[in-house]
Structure formats: structure tokens, C-alpha cells
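Engineer: I'd like to ask you about the structure that follows.
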Amino acid sequence: MIDPLTVVDHPLVQHKLTLMRDQNTPSAEFRRLLREISQLLAYEVTRELAMTTRRIETPIETINAPVLAGKKLALISILRAGNGLLDGILELVPGARVGFVGLYRDEETLEPVQYYFKVPEHLDDRMVIAVDPMLATGNSSVAAIDLLKKAGATNIRFLCLLAAPEGIKRMQEAHPDVPIVTASVDEKLNDHGYIVPGLGDAGDRMFGTK
Ligand code: URA
């Protein structure tokens, strides 16, 4: 069983994360590092993919060799920063089905509002991995998981690059059945909802916006 919270403290992940945190790292380099880290995190988050065996002939003998079983996994990008994690994981699992959840924050109610939702069919039969680099307040992540459960998903994992303790608490209270995999649990959120020390706005760093 995967732990409710996995922090991937592998030296390569931590080294690349430090480069990403550095405000002098340009967008192109930031995107490349995010793609590389996403593959190392994906290795952990996919540990429990169902397996079966296939009979194959090696040049030496015939064996029953392990292969992935069941329906293809579903990767769900929480827009827009989720797309930075998506590309790397898709290189590793090219057969994965892909969905997108778009949410914005209503300035009056401060509640997340859905503006886009497109996910693969048969979510109930797939491992579903929701990806968003930053688990900050947890509001949009919780709302995205709510939507995925409404669409039928029962076997969900959440993959992020950085998590704040506040976001982890919020997610684990709302969705205790959804394991979280991250590269770091940072110190806290600041008054503007940014992760401290964090890396700033992941979407802006990725796409060169402000
Ligand atoms: N989203 C970001 O991109 N960065 C944060 O620090 C918090 C939320």
C-alpha cells in the first residue's frame, strides 16, 4: 500500500528542485527540470499499477514476463501549471489517457469555479493521477478531486512538486483516500497563499508570464 504522504527525497530530485527554486533559473531550464522531476515522481506514484504476465520468447527461453494490466491509467492535469508535469509523465507512460480540469477562484466567494472539465471515459476502472505542481491552500486540488470522484474515479493519487502543510491537511481531511506524492513539504503559506520558501508562481515561472 502506498503511504498517505510520500516525500521523494532522492538526491537527483532534491538537486533539481533546488535549481528550480532559484529565481535566476530561466523558464526554459525551469520547464526542463520540471519534466525531469515529474518522471522521477511518476516512478513512485505508479508503484501500484496492476500487473499481469505475458508469455514471450527471449533468445534463450520462453518465460511468463510481467507487463502492465487493466485499463490505461488516467493523467489529469489541473490547469494550467499541471501541464508542466504532464509532458514528462507521458514520455514515461505514453499509453496513458489524459484529462484536464480548469478552475478559477471566484473573487467574491473565493470558491473555486470550474471552467473546463474533460476526462477519459471509464475513470472507475483506471488508476487516476491528478497533477498540479503546487499544493498550496489545497482549495483547487480538493475541488478537482471532488469533480474526478463525481465522474466516477475511485482510485486516485495526487502528484505535486511542492506541498505546504496547510494544503496537505486540507487534502487529507477532504480526501483521506487520496495518497499524495511530492518532492518537498515546505514550511508554510504566506499571506498571499504562496508556498514558503517555494519557488514563486509555478505557471509564471514555466510560461514566462507575470
Ligand atoms: N501556486 C503557485 O504557483 N505557487 C505557490 O507558491 C502557491 C500556489
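Note: Cβ is positioned from N, Cα and C throughout, glycine not excepted.
In case it's useful when we look at the structure, here is the feature table from TrEMBL:
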DOMAIN    7-209  domain 'Phosphoribosyltransferase'
BINDING   R80, R105, D132, P133, M134, L135, A136, T137, G138, N139, S140, D201  5-phospho-alpha-D-ribose 1-diphosphate binding site
BINDING   I195, G200, D201, A202  uracil binding site
Engineer: What is the maximum Cα to Cα distance, in Å and rounded to a whole number, among the residues R80, R105, D132, P133, M134, L135, A136, T137, G138, N139, S140, D201 annotated as binding 5-phospho-alpha-D-ribose 1-diphosphate?
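Structural biologist: In whole numbers, the farthest two Cα atoms are 17 Å apart.
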Engineer: Kindly point out which of the binding-site residues D132, G138, S140, I195 have a C-beta less than 6 Å from some atom of ligand 1.
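Structural biologist: By the Cβ criterion, which requires under 6 Å to ligand 1, the hits are I195.
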Engineer: Roughly how many Å lie between the Cα atoms of A202 (uracil binding site) and S140 (5-phospho-alpha-D-ribose 1-diphosphate binding site), rounded to a whole value?
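Structural biologist: Their Cα atoms are separated by 15 Å.
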Engineer: Spatially speaking, which of the binding-site residues I195, G200, D201 is closest to R80 (5-phospho-alpha-D-ribose 1-diphosphate binding site)? Use C-alpha to C-alpha, please.
Structural biologist: D201
Engineer: Cα distance, G200 (uracil binding site) to G138 (5-phospho-alpha-D-ribose 1-diphosphate binding site), nearest Å?
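Structural biologist: The separation of the Cα atoms works out to 16 Å.
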Engineer: To the nearest whole angstrom, what is the C-alpha distance linking M134 (5-phospho-alpha-D-ribose 1-diphosphate binding site) and G200 (uracil binding site)?
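Structural biologist: Counting only the Cα atoms, the answer is 10 Å.
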